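This report refers to the structure that appears directly beneath it.
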Amino acid sequence: MSVVGLDVGSQSCYIAVARAGGIETIANEFSDRCTPSVISFGSKNRTIGVAAKNQQITHANNTVSSFKRFHGRAFNDPFIQKEKENLSYDLVPMKNGGVGIKVMYMDEEHFFSVEQITAMLLTKLKETAENNLKKPVTDCVISVPSFFTDAERRSVLDAAQIVGLNCLRLMNDMTAVALNYGIYKQDLPNAEEKPRVVVFVDMGHSSFQVSACAFNKGKLKVLGTAFDPFLGGKNFDEKLVEHFCAEFKTKYKLDAKSKIRALLRLHQECEKLKKLMSSNSTDLPLNIECFMNDKDVSGKMNRSQFEELCAELLQKIEVPLHSLMAQTQLKAEDVSAIEIVGGATRIPAVKERIAKFFGKDVSTTLNADEAVARGCALQCAILSPAFKVREFSVTDAVPFPISLVWNHDSEETEGVHEVFSRNHAAPFSKVLTFLRRGPFELEAFYSDPQGVPYPEAKIGRFVVQNVSAQKDGEKSRVKVKVRVNTHGIFTISTASMVEKVPTEEEDGSSLEADMECPNQRPTESSDVDKNIQQDNSEAGTQPQVQTDGQQTSQSPPSPELTSEESKTPDADKANEKKVDQPPEAKKPKIKVVNVELPVEANLVWQLGRDLLNMYIETEGKMIMQDKLEKERNDAKNAVEECVYEFRDKLCGPYEKFICEQEHEKFLRLLTETEDWLYEEGEDQAKQAYIDKLEELMKMGTPVKVRFQEAEERPKVLEELGQRLQHYAKIAADFRGKDEKYNHIDESEMKKVEKSVNEVMEWMNNVMNAQAKRSLDQDPVVRTHEIRAKVKELNNVCEPVVTQPKPKIESPKLERTPNGPNIDKKEDLEGKNNLGAEAPHQNGECHPNEKGSVNMDLD
């Protein structure tokens, strides 16, 4: 079973996997751990990752990047309309109102949703992980920004489902970083001690996130989070781009914004310049050749100028930090450490601002680029049964307060209740109780729309169906279980109605059966309490909310004893006495039955099942097309490689191994094949290249074999000659009565001599025949035949010549005057045997126990 953590960023992605030795960040086919979040579409296939980024400038209109923030948003979203102006590709509205991306693929115009584009990127990451692990990848944990709303999170889950990934958890970036930090720490305070508070700061390509976490041994709790979704390294790049656009317009009369390719080149160079200024404070040049209209441009900037240019952005850094400290009510002295991650935190001015705010130096003990992916892989290992990981519980926080609104049964007014406050523990479940006579609706929304970086405050509408009044006309008691799950998504998981069913007592046996019902059928309230205890154990608390109209309570309600449980012991004794008496009349008896109710969810920007299936089918077809195109290109490259290899060697090492007539014919075929490759064969089917390769190999293979045989034959013949000399010398020593071989039987040695003579005769004949042939003729014997003779010779001779000499027993000593005969050898052997038995007498056997793979986390 695979354990994979995926950090899917706006600019780049990282993949971490769990192995027996710990967590490892893996590299792609370019030996790079960083895979760009770029997808390029061509006339035959898709290109994803490094190869796509390399052609981003030349295929700007069909290369998609920076699409992560489009998840779960409508096309008319203000953020989408603003970002649309800065993109090299076109955005279009989809049929469901979402964001679509228009590209030319397979020479046709296609419209892909954001979920499909992300699924393509996940396909590449999945393929990279499978190539590294050498096994299929299904289970994974994917990172998302902590400020992602329900709609955005569901959109990411749909993308994972399209590519066939089972996302065990959508993990917040900062929570993943905290897990990667805390699980390796050996000096954390005990559970009963004051926790260690650490602040994590992450500035990536497009966003800025901070969180405060409390650590104890074996657990972490997120105290609070804050963020600026529109502040990242990209904004610093844009400041440089704006500066140099204005400079080039004045200096060279060139408008870089008028041509998308020129603007993309300037973006790339400004990003490089920003990274250089992080380590150099001197003036640094920026040079671009043939920028526009065949003109070269140049400029320069130093760190102080850059910081002055970005002063407005640097001031924004403190806003989320102030927000975090206010939410958590922490002081600077309460914070033990400040850990920074993310590529943009390498900017010296960013580090200085963070350090100045807290009044202490920042720490860089974590890998700034890979910390999120490693944390996701650790979480996946914790959730996977295939790995045994140190016990470590993770309690996340709800980033935005969530409320429910509903209509009263008999009034026009609405009831509102905040079920999850800001920074409430998650995952978490609560139960709300309603008194209703019919189906009713609940609408979930974010209580503070101004604090949510998303235009729609509504989460979804939930309809609790099949609710009916009791048979006596009273309102039914409906219990609704609301939950923020492991993905950070709000949902109404279950709803149940407490139904009172009257029964009649007919005889003593029926009464006795009814009296046993409490043991066989627990009441609904006790069942709910059990569920809540199980669900809330993840967060460590067990609150229960009972809501009736506008009345709310944070304490568990006392169950209404309307069934058999309301009987007192005295009443039970009275009933027992009445069993022996004839029944006076049939008495009604109330049973309490739990009825599960269906809940219909209408969520914001949720992909339908049919649309999702269509996307899955489309992705499968594109994967197959990419595979076929790769095989076709590999076949074409094999033909081209074959042409160059034989042409080069026919004028070199292969020249002696082909006759002049065949040489000219082969060279002519190579030239014709090369011309065909760059003309008619530029775009042919895979089979056409296979046929061409077979035609070339038909002429080239015999030449190649002659060369290889000529190279290897002398070495193999020399080995055979050495073995013959070795066995011939042993036979001669035997005939000379050498003591080393006098134990060998005469008949056995004759077999050796016969085999040596036969093989020697065969070798001489072969060498004489081969000497008469020229190099351009096929050899008389192949090297594999000579190796077979060596093996045959060894099989006959080696068992004979390596026979051990028989052991000679030492004579027994005569009786000595002081005692009986003593066989010293036997006595010695006895002592040795006695000593050898001692370990067996005292030793113990402990069989190895097979278990889960242990991960080395120390």
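Glycine residues also receive a Cβ, built from the backbone N, Cα and C atoms like all the rest.
Taken from Swiss-Prot, the feature compositional bias 'Acidic residues' covers 504-515. For 533-549, the entry in Swiss-Prot reads compositional bias 'Polar residues'. Swiss-Prot lists 564-585, 806-815 with the feature compositional bias 'Basic and acidic residues'. Look at Swiss-Prot and you will find S2 tagged as N-acetylserine. Per Swiss-Prot, the feature N6-acetyllysine maps to K471. The phosphoserine feature in Swiss-Prot is assigned to S509, S510, S558, S810. Here Swiss-Prot flags T562, T816 as phosphothreonine. Per Swiss-Prot, the feature region 'Disordered' maps to 500-585, 801-858.
Taking CA atoms as the reference points, K471 (N6-acetyllysine) and S2 (N-acetylserine) are 54 Å apart. The 10 Å shell around the Cβ of S2 (N-acetylserine) contains 19 further Cβ atoms across the protein chains shown. When other Cβ atoms within 10 Å of the Cβ of K471 (N6-acetyllysine) are tallied across all protein chains shown, the result is 10. Following the DSSP three-state reduction, the secondary structure of the residue listed as 'N6-acetyllysine' is coil.
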